[in-house]
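Features of the protein shown, as given by TrEMBL:
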BINDING   Ser79, Lys85, Glu86  UDP-alpha-D-glucose binding site
Amino acid sequence: NDEAREPLSRKVPIASSRINPYQMVIMIRLVVLGFFLRYRILNPVHDAIALWLTSVVCEIWYEREGEASMLCPLDIFVSTVDSLKEPPLVTGNTVLSILAMNYPVDKISCYVSDNRASMLTFESLSETTEFGRKWVPFCKKFEIEPQAPEMYFSLKIDYLKDKVQPTFVKERRAMKVM
């Protein structure tokens, strides 16, 4: 069975001639957004104060402890077709990121649609489920960003910055081993 020997992930080199135009588009969009925000601040629309206040209230909305959440339930669908083009490790990281979102646990559902019915994808998602039972509470407890384990552990940052709980180092080490 060739599928059992497929790698869980792979790195694909991309020529800078393909990446650079994309990066330029991102930079242009950021500059345009900056000009737009500057314009909105310097030229306020006085007839839209109610709209502005509504958006500010929505941005700072928070849930109170002990009260039922008023947020809408979210159903998120992850679609995958080919375990060679979309490595199962990437799919697993996507699912873990979704489940670790800062959203009430009882209000979020993640569905994976594997159109090829790959046994490799199935097995990796089974492992993802087991790991997720530990990863998601770890992310929520220590407010981990980014929530994809592969990305989080590959970053070269000071992971102790702003982490004052004494159990953090021990639990982080255990997560990395898992």
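Every residue gets a Cβ built from N, Cα and C, even glycine.
Spatially close to Lys85 (UDP-alpha-D-glucose binding site) yet at least six residues away along the chain is no residue at all, judged by Cβ distances under 8 angstroms. Shown in sequence order, Thr80, Val81, Asp82, Ser83, Thr91 are the same-chain residues outside Ser79, Lys85, Glu86 whose Cβ sits within 8 Å of the Cβ centre of the UDP-alpha-D-glucose site. Contacts of Ser79 (UDP-alpha-D-glucose binding site) defined by a Cβ separation under 8 A and a same-chain sequence distance of 6+ are given as Val112, Ser113, Asn115, in order along the sequence.
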